[in-house]
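Straight from TrEMBL, the features:
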| type | residues | note |
| --- | --- | --- |
| COMPBIAS | 596-605 | compositional bias 'Polar residues' |
| REGION | 583-605 | region 'Disordered' |
| TRANSMEM | 6-28 | transmembrane segment |
| TRANSMEM | 48-67 | transmembrane segment |
| TRANSMEM | 123-144 | transmembrane segment |
| TRANSMEM | 156-176 | transmembrane segment |
| TRANSMEM | 188-206 | transmembrane segment |
| TRANSMEM | 234-253 | transmembrane segment |
| TRANSMEM | 274-297 | transmembrane segment |
| TRANSMEM | 334-357 | transmembrane segment |
| TRANSMEM | 377-397 | transmembrane segment |
| TRANSMEM | 403-427 | transmembrane segment |
| TRANSMEM | 434-456 | transmembrane segment |
| TRANSMEM | 498-519 | transmembrane segment |
Amino acid sequence: MKHFSAVDYVIFAVLLVASAGIGLYYAFSGGRQRTTQEFLLADRSMSCLPVSLSLLATFQSAVAILGAPSEIYANGTQYWFLGCSYFLGLLIPAHIFIPVFYRLRLTSAYQYLELRFNKTVRICGTVTFIFQMVVYMGVVLYAPALALNAVTGFDLWGAVLAMGLVCTLYTTLGGLKAVIWTDVFQTVVMFAGQLAVIVVGAHQAGGISEVWRRAQNGSRIAGLDLNPDPLERHTFWTLGVGGIFLMLALYGVNQAQVQRYLSSRTEKEAIMSCYVVFPCQQIVLTLGCLMGLVMFARYGEDSPLDKGYVSSNDQMVLYFVMDVLQDLPGLPGLFVACLFSGALSTISSAFNSLATVTMEDLIKPHFPAMTETRATLLSKGLALAYGLVCLAMAYIASLMGSVLQAALSIFGMVGGPLLGLFCLGMFFPWANSVGAVSGLLAGLVMAFWVGIGSFVSRFPAAVPSTTAPDVGNLTTVASFVKAKTRPTGLNALYSLSYMWYSAHNSTTVVVVGLIVSLLTGPMKEKDVTPGTVYPILGNLLFFLPERYKEKLCCVTPLEDKVQGCIRLHAIDNNGVLCLAEDNEGEDGEQKETKGETQAVQETTL
């Protein structure tokens with residue numbers, strides 16, 4: 001077992017104090033979080049760079065920092081091709097989801113579902129998201145603390161409580177502004193920690209060229225695998241195409257990310273933040289791959305896991321860090337600060353997004369007369385409550401042992417159906433509310449059937465794991481078992497690569513939703529709230545005669561729907577549906593005129 005020096009503890013403490021300090025600064029400066037707009041949406045005043053770094057940090061959690069290098073060490077660099085999915089995975093949200101969400105002036109992404117369908121669909125979406133994030137929070141908090149405890153003897157519950165309480169403090173006091181700026185600080189720490197380990201580790205191995213040579217000799221440098229078999233765990237198609245749907249579920253419709261887009265000053269800055277995330281994501285992925293190769297250069301096939309120094313793959317990264325940096329006081333502390341920065345950024349985003357959807361979707365609609373002061377106070381109380389729930393979930397995660405991996409799989413299984421629900425509403429004008437609810441339920445049933453079936457069918461052969469990979473490298477237990485013969489029947493379904501889960505589940509929602517909608521009476525274009533449908537069908541079917549396009553509800557482009565001075569459904573500050581008139585003004589600006597809410601929409605796509 002390796003041990004921390006006093007300098008390491010100091011660096012770790014400085015991270016927590018700095019994060020708490022940023023929260024306190026925003027609690028007592030500027031708008032002082034006195035309104036729900038200030039607390040939940042940073043007063044829609046954020047610029048592109050902090051938003052993009054916060055987008056990056058939100059799902060670059062501690063378990064990703066532990067998971068990616070372990071994946072590369074064990075299975076080679078094939079995982080790097082996930083980077084190919086980032087391009088479309090960020091381009092589609094930038095030019096399709098952000099314009100729709102931003103122009104509707106939403107606070108919660110699930111308000112869109114009520115505008116497009118009805119209140120029932122909105123509540124179903126909200127409850128599904130809350131379940132998804134609550135499960136994920138406990139795992140993200142507990143997993144790195146457990147790995148740290150196993151390798152260094154660092155007090156397990158001391159680390160959990162320190163992270164949970166600091167995170168709750170700055171999220172509750174400082175609101176979204178504090179969350180975004182602590183994300184920026186924590187992203188810098190994450191880069192610094194990973195870079196320090198790679199530089200020192202490569203130097204000790206004899207330079208980066210020697211690292212590459214050893215990786216090649218050990219068959220860890222993978223070529224382009226174009227095998228189209230969806231049961232193969234990692235190929236170019238599973239990572240590069242299946243990964244697009246995973247990225248869309250994360251960066252397109254997840255409330256934690258949508259909230260950051262909506263906090264931007266303008267729609268253009270929100271779109272630019274997506275573009276800035278792309279190179280940052282590539283750098284993060286490359287750093288994870290390099291660390292895995294440096295690990296292989298140091299240990300080769302003779303891994304610490306085989307020697308019994310650690311009990312799971314995911315503890316290997318921390319063992320490697322402590323091994324490489326043991327003669328350099330302070331650097332182990334920097335990496336652990338990097339690790340816990342990942343956890344803090346993910347958890348704080350979860351608190352804030354959960355408080356937002358609970359307030360906007362479940363409370364405000366029932367209390368339309370609630371004052372702004374009381375609503376803000378209640379939002380802070382919700383953030384605090386979710387912080388305590390997170391600690392409780394971490395305790396439950398501690399009782400689950402190797403089932404941690406199954407718990408994290410739930411996050412991936414729920415993300416796909418939610419993506420399908422938004423795609424159904426945004427791209428198919430004739431989809432109705434009955435179809436939406438039916439599709440969501442079918443998607444969730446299919447997701448849990450395949451996900452849990454895969455876990456249970458492989459359970460006897462599973463390697464016990466104390467931590468789990470991030471959503472970005474979500475693995476099922478199938479990753480540990482290489483089938484010698486191609487599975488058939490249900491086993492083939494259970495053997496589906498985890499990278500196809502999001503695509504499979506979202507497609508189920510869309511197909512079932514469309515079939516049910518057509519059977520129960522499809523919606524007509526005049527019944528669809530203007531601005532809630534992206535005209536993708538109109539663009540794809542441009543060659544059809546007008547009368548056929550009218551039947552398919554794909555005649556009017558998005559900009560025309562918003563351009564004319566038509567009556568547009570908007571959502572006022574209390575989350576209540578009202579009718580508003582378009583007035584001229586700056587893009588994305590909201591005005592008060594004669595007591596009515598005026599939603600001023602950008603007129604060009």
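From the backbone N, Cα and C atoms, a Cβ is placed for every residue, glycine too.
A contact between the transmembrane segment (48-67) and the transmembrane segment (156-176) is absent, since fewer than 3 of their C-beta pairs, 6 or more residues apart, lie under 8 Å. Of the ranges 6-28, 234-253, 377-397, 498-519, the one with the most Cβ pairs under 8 Å to the transmembrane segment (434-456) is 498-519. A contact between the transmembrane segment (334-357) and the transmembrane segment (234-253) is absent, since fewer than 3 of their C-beta pairs, 6 or more residues apart, lie under 8 Å.
Same-chain neighbours of the transmembrane segment (156-176): 16, 19-20, 22-27, 33, 38-42, 141-142, 144-146, 148-149, 182, 259-260, 263, 340, 343-344, 347-348, 351-352, 380, 383-384, 387-388, 390-391, 394, counting only residues six or more beyond its ends whose CB sits under 8 Å from a CB of the stretch. Long-range contacts of the transmembrane segment (498-519) within its own chain (CB-CB distance under 8 A, at least 6 residues past either end) are made by residues 230, 233-234, 238-239, 241-246, 248-249, 409, 412-413, 415-417, 419-421, 423-424, 428, 430-432, 434-436, 438-440, 442-444, 446-447, 450-451, 474-476, 478-479. Counting only same-chain residues 6+ beyond the ends of the transmembrane segment (123-144), those with a CB under 8 A from a CB of the stretch are 61-63, 66, 108, 110, 113, 159-160, 163-164, 254-256, 314, 339-340, 342-343, 346-347, 350-351, 353-354, 357-358, 361-362, 386, 389-398, 404, 407-408, 410-411, 414-415, 417-418, 421, 437, 440, 444, 466-468, 471.
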